[in-house]
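S.K.: Handing you this structure, nothing more for now.
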Amino acid sequence: MLRAGCRAALPRRSPGSAPRSGAGGTGAGEEGLKQTPLDALHRARGGRMVPFAGWTLPLHYGQGHLQSHLHTRRHCSLFDVSHMLQTLVYGRDRIRFMESLVVGDIAELKPGQGTLTLLTNEKGGIMDDLIVTNTSEDHLYVVSNAACADKDLAILRGEVAVATCGAGTGLAAVLAALCHPGRTERRSCRPPAVTYTWRCQTMRCWLCKPPASPGPSMARVLQAGLSDDLAKLSFMNSITTTVFGVPGCRVTRCGYTGEDGVEISVPAARAVELAEQLLGLPDVWLAGLAARDSLRLEAGLCLYGNDIDETVTPAEAGLMWTLGKRRRVAMDFPGAAVIMAQVKEKPRRRRVGLTSVGPAIRPHMAILGPEGRPVGTVTSGCPSPCLGKNIAMGYVEAAHSRAGTELTVEVRKKQHPAVITKMPFVPTQYYMAK
């Protein structure tokens, strides 16, 4: 899929040397790393390839991280996120099935509308953050983090087996997982049957561009190749359409940079063709993992594995907005008792934004209170290319979480001033149709 944003921690070891794959599918390198359909294109265009969540992906290109970040804010960038898991959920009870796993109000989604939601466990911890779209084609389209793909599939497969084989559930659901090649498994119980299919069918990418910046916006860049009117497509809405002559593409208005963007899911056999057409348009650059991480942090967006994980609840993470009113009342999602108790009693720690000058703030650094006592920990941090100062995200004791609170961060055994700051650090540009 072609998409604009970031959703996983940057790799910390040296680049891998996985061999190139063919242009039309997903391959595996010598180190066992999977490759997206655009692997050869990344390498040909100077991508510095690194291991990432079991895949080989570009960290940055010849222009470097800083220029790539600023270009995305000012012009238009293309990100390859084909590594993320795509799952289609079918069946007459698909909405009830999905709501048994996540906190979101999936039933209220209109055809073509999607939402960010959270997969939780019985302790209220966040197993993953997902995008669930109620498509107009009688199925749910679910996008999961690559690092959580195996875990999420195991949960979905297990719950479908319970739903279709368990006594008296009455649920009917069928899963089809995209971009997980290698095998096809069919599993049947008493009716209705459940079928799991892994196949490399699509490539995903983000294309994003701030609408008010000089030069062609994302909408004008993409509109030239669409028959549908992008002006009618609001944030978190999705259509299936033809993109620059490639039919069967799912275009979703979303992104992970804070800018107006689209996510395009395209058949893998046409992936390179479409990417090259997009890159042939004025001011469209490829961007890699490094830019995605700094862009999403400026937008105040969580990174699974850093800012949220199974030890963090939606109340602590400031993500209670993902719970619909009906779901809060029904308390019928995993971990509901724990999460709603925290809402009532107030969580002891909260996710906050931090800004500072001086040495960069990085994950795992200690956040200290006025008396020098540890009151929290940094989960994400980097110098902001747009703001010219350090930005970070972390968790602190609730008593120290108010915006404007002055704290310190321990950097290389020295304390440096930091201020609790409201997020997003850079204003978002999400598009809502009039």
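Each residue, glycine too, has its Cβ placed from N, Cα and C.
Relevant sequence annotations retrieved from TrEMBL are reproduced here:
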type	residues	note
REGION	1-35	region 'Disordered'
COMPBIAS	11-21	compositional bias 'Low complexity'
DOMAIN	40-161	domain 'GCVT N-terminal'
DOMAIN	215-324	domain 'GCVT N-terminal'
BINDING	E263	substrate binding site
DOMAIN	349-426	domain 'Aminomethyltransferase C-terminal'
S.K.: For E263 (substrate binding site), what is the tally of other C-beta atoms lying within 10 angstroms of its C-beta?
M.R.: 29
S.K.: Limited to the domain 'Aminomethyltransferase C-terminal' (349-426), I'd like the whole-number average of pLDDT.
M.R.: 97
S.K.: Please list the DSSP helix, strand and coil residue counts for the domain 'Aminomethyltransferase C-terminal' (349-426).
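M.R.: Summed over the domain 'Aminomethyltransferase C-terminal' (349-426), the classes give 3 helix, 43 strand, 32 coil.
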S.K.: For the domain 'GCVT N-terminal' (215-324), what does DSSP give as the number of helix, strand and coil residues?
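M.R.: The composition, in the requested order, is 38 helix, 29 strand, 43 coil.
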